[in-house]
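Working notes, beginning with the structure itself.
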2 protein chains.
Amino acid sequence: MPQYLSTSDRDFEAAFTALLGMKREDAPEVDEAVAAIIADVRARGDAALIELTVRFDRLELTPDRLCFSPGEIEAECAKVPLAEAEALALAAARIRAYHQRQLPRDESWTDDQGATLGWRWTPVSAAGLYVPGGLASYPSSVLMNAIPARVAGVERLEIACPTPGGEVNPLVILAARLSGVDRIWRIGGAQAIAALAYGTETIAPVDKITGPGNAWVAAAKRRVFGRVGIDMIAGPSEILVIADASADPDWIALDMLSQAEHDASAQAILVTPDADFAKAVVAALEARLTTLERREIAGASWRDNGAVIVTRDLDEAAVLSNRVAPEHLELCTEDPEALAGKITHAGAIFLGQWTPEAIGDYVGGPNHVLPTARSARFSSGLSTLEFLKRTTLAKMTPEALRAIGPAAEVLAVSESLQAHGLSVRARLERLNRG
Amino acid sequence: MPQYLSTSDRDFEAAFTALLGMKREDAPEVDEAVAAIIADVRARGDAALIELTVRFDRLELTPDRLCFSPGEIEAECAKVPLAEAEALALAAARIRAYHQRQLPRDESWTDDQGATLGWRWTPVSAAGLYVPGGLASYPSSVLMNAIPARVAGVERLEIACPTPGGEVNPLVILAARLSGVDRIWRIGGAQAIAALAYGTETIAPVDKITGPGNAWVAAAKRRVFGRVGIDMIAGPSEILVIADASADPDWIALDMLSQAEHDASAQAILVTPDADFAKAVVAALEARLTTLERREIAGASWRDNGAVIVTRDLDEAAVLSNRVAPEHLELCTEDPEALAGKITHAGAIFLGQWTPEAIGDYVGGPNHVLPTARSARFSSGLSTLEFLKRTTLAKMTPEALRAIGPAAEVLAVSESLQAHGLSVRARLERLNRG
């Protein structure tokens, strides 16, 4: 049964703390197997990749078949029906427009001492994007990962996408082409992450790897972190909806189910000051649930991880939401902007009843790769910034060095770093000699 | 012996690739011991912390002595000589001024479809800063970690600093006070990281942990990552200097030694198109080396990890530097700005001969916590941004939903996510009904 809590319950704090601490995902222990796969790909390159692809994806490849050819890409794209192709193009354009606004500016200024300071942003040279095969092979995720990389100016963009038994989702290929990806590799799992991080005879190594994946992919990303940059390790999806009686219970129910249908470990939480409204949402949700294709998954998610919390007022709802730090937060209240002002931790906020979370998954513009498992307390969703890095710049004039160098020398000496002090002192002495 | 390479050598590429792949650090395997310590602190809280502090720091504490009292802080600060106190205050002011400029702006706009989009930055609520004890207890690192957090608006800032045998560096305490730290805890090692991440009876948990530390601290940070945010795991320090004959060989030698003196695994590399200049720098370096207090450490670093590379020209020097992606890059050439334009990967750039790297360690203003081990290819130094996170915002009007909702529905259906599609469809139907 989903949990029903009220902040007026005597044991509310304990129950809410338990809800916060819930571990929704039991990742299988694959770390040792993953370490062996990575070592194998590092040692034997393409040969290992090809053997592992037979083993895991039941697919026989040769080095020149590892990569989709331009003709194959063309043929897959041609299979996409017009409505889907147009929808993907609209999504790509909106995601691109949003992420272009995220491009940060370089800065440079000269301070009162004459020191010129600043910073400069430069793109990562090459990025690899992992795209799961099978059921979770989402073209929208291709757009959400590849477009920010391209907007950032990443020069080389590789996709790894397993094609179990040779099957591929044509929309994934079209999404890759719309995003300007350079190459698509028919590889998956830990072996694909190893190939992207270390390179093989045919695959050039990248500097940053992003994209979702199963436990094997996640373990491999953790292992290659440091050698390359990675994005977050995403957990199961989650939504928290704060709603009042101004919202339509059926719409809220559908928004909650659109998280629940992702995965049995997904979580949907309703927080409302209105107990009757809460009942209406639950009734609508259970009615809709029976009609869904994915009713087993969504039902398990709702039963095991769902929650409804009745609060005294909307302020209290905001406080609880901030403690959850949800990945997705819908504010379906009369004045969503006022409520948004009280939100301190959330991956993405959807304001008002005309903004179902699903809009953000596809065509809103903001990224749908967002921090899960309460990590919105300290991290952000994917953005253009994740494919850029900042280099700080400093230039002293002789006058600036005369003004601030002595303090640096004092601190260097206090830290017993004599050469640090001497590197300043030698220059100051030249100045003093005139 | 340091390595002497020339790009005109026939085996240059192999030798340079080997230099890039050099593993300079052999971190001891402490992961299992660290896991046990973290589990112990989670299970037994303060009691575990106190026992572990006896074991590792030879210091008997009680729960109310875990934290420095205001009187103790006052007493330590009073011990700092005036010159050091003034130098620290100057450094703090300059670091604060630089990091204030890094505060990003919120954005919001309404697009042609009537969708209001944007994002908002909010600070992490609480941060913990690790400060090593003993020799590597650097007050400058306190400023470099704590000031960006405060500038970002972090409300609660805790320091963990072991005091082996009860000894503490008064400058560290003063630096903490200058940075506006809330509390300083006399704890260190993996147990301190566990206490900051999970909390104990007396220590409230934080959301983000930054700061340098030994192998135990690094392993603990890796383990608590996900529960809290962490900064990078820093490797040994490194500098690459690109210089031409316009530079003073003695100054360059001192700049290189100021990396080498940090640690035997530190690395200093000179890249120059002028073979005679290279010889002069090496001669100056070896002469200075004999006079240094830390000559054993600096000498081992230079012998085992130092390198001199003679290139055809400065353009080639820039290309090699980009392949290294050094933590610190000094450009001591006649036109450093022109050369900087060719640099794509570096943690921090120091321009011209009046800007020794040591200025950046203390009083320049930019952060001295920078990406090591070639990770400047994909990551940035510490900044105000690392203590903020971004929440994306989206609000649809009925018109906006009518314009872009159908595309979202098409994509949801193509991804077999029916409830996603229905959540859009239900709203569109209301609109169609009028």
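Glycine is treated like the rest: Cβ placed from N, Cα and C.
Residues A:Q259, A:H262, A:H420 are recorded by TrEMBL as Zn(2+) binders, and the candidate that the same record lists for that site, out of A:D207, A:D315, A:D361, is A:D361. According to TrEMBL, A:S237, A:Q259, A:H262, A:D361, A:E415, A:H420 bind substrate; the candidate from A:H328, A:H345 that the record adds to this site is A:H328. Applying an under-8 Å Cβ distance to chain B, the recorded positions A:Y130, A:Q191, A:E327, A:H328 reduce to an empty list. Taking the Cα atom of each, A:Q259 (substrate binding site) and A:N214 (NAD(+) binding site) are about 18 angstrom apart. Once the Cα atoms of A:Y130, A:Q191, A:N214, the listed binders of NAD(+), are compared pairwise, the greatest separation found is 13 Å. Cα-Cα distance from A:D361 (substrate binding site) to A:E327 (active site, proton acceptor): 12 Å (rounded to the nearest whole number). Sparsest Cβ environment among the binding-site residues A:Q191, A:N214, A:S237, A:Q259 (other Cβ atoms counted within 10 Å): A:N214.
With respect to Cβ neighbours within 10 Å, the binding-site residues A:H262, A:H420 differ, and A:H262 shows the lowest count.
Checked against A:S237 (substrate binding site), the recorded positions A:Y130, A:N214, A:E327 differ in C-alpha distance, with A:E327 being the nearest.
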